[in-house]
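Encoded as structure tokens, here's the structure I'll be asking about.
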């Protein structure tokens, strides 16, 4: 799995994806989320892979264990590089996800979403009714993911150092909420720069709008890549 910034392809159509990818003459690591996958389906994944790019399929599966396991059997056939579930589904659900994935696929990494980077302390307490800090909530979900045998989690860069200390350096910390200096925060709350994410222990970063909505996506990508890989 490439150690590159993961570009979130937050587009609504295959045509816009191809227009964006045509700008680059190099292999990328891209994220396909719900918006795009539900519009275009598995065929788009195959086409992106055929172009030589790594793919993070970000569907955040969360259902009863049997359903998630069966769904993961289907996703396994797409041979993406990274998939995820939601840790709130519990250890049994995450374990079934791994079983389903490994029936057809031995190389895809699987991680769990902990708390979205748009989540605030107020939302955690009053909407989710979780009466702890965000850091404690993330750590609890990360421990469950680790116990289930997952490869890592999705978290904010602000929790990466804590998770490295508690769960080790090999436990993946895939972190959205990345904004270059001076970029708009948008709907993210727990954010850092690429350099800060690296220093805090993130193993991978996910960046969307600062690249995809840039006037010069290639230049913006390379600036972020350079600051991440420094």
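Each Cβ is built from the backbone N, Cα and C atoms, and glycine gets one as well.
So Swiss-Prot says this about it:
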type	residues	note
ACT_SITE	60	active site, proton donor
BINDING	10, 31, 58-67, 117, 179, 188, 208-209	substrate binding site
Other than its own, how many Cβ atoms are within 10 Å of the Cβ belonging to residue 65 (substrate binding site)?
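Taking every protein chain into account, the count is 18.
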Going along the chain, which residues six or more apart from residue 10 (substrate binding site) have their CB under 8 A from its CB?
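Counting only residues 6 or more apart in sequence, the Cβ neighbours of residue 10 (substrate binding site) under 8 Å are 33, 35, 36, 208, 209, 212.
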What's the number of neighbouring CB atoms sitting within 10 A of the CB on residue 59 (substrate binding site)?
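If we count other Cβ atoms within 10 Å of residue 59 (substrate binding site), we arrive at 17.
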What number of additional C-beta atoms lies within 10 angstroms of the C-beta atom of the residue listed as 'active site, proton donor'?
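Result for the residue listed as 'active site, proton donor': 17 other Cβ atoms within 10 Å.
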Please list, in sequence order, the residues in the chain of residue 62 (substrate binding site) that are at least six apart in sequence and whose C-beta is under 8 Å away from its C-beta.
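Long-range Cβ contacts: 68, 85, 86, 88, 89, 93.
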Using a 10 Å radius around each Cβ and all protein chains in view, which of these binding-site residues has the most neighbours: 117, 208?
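Checking each of 117, 208, the winner is 117.
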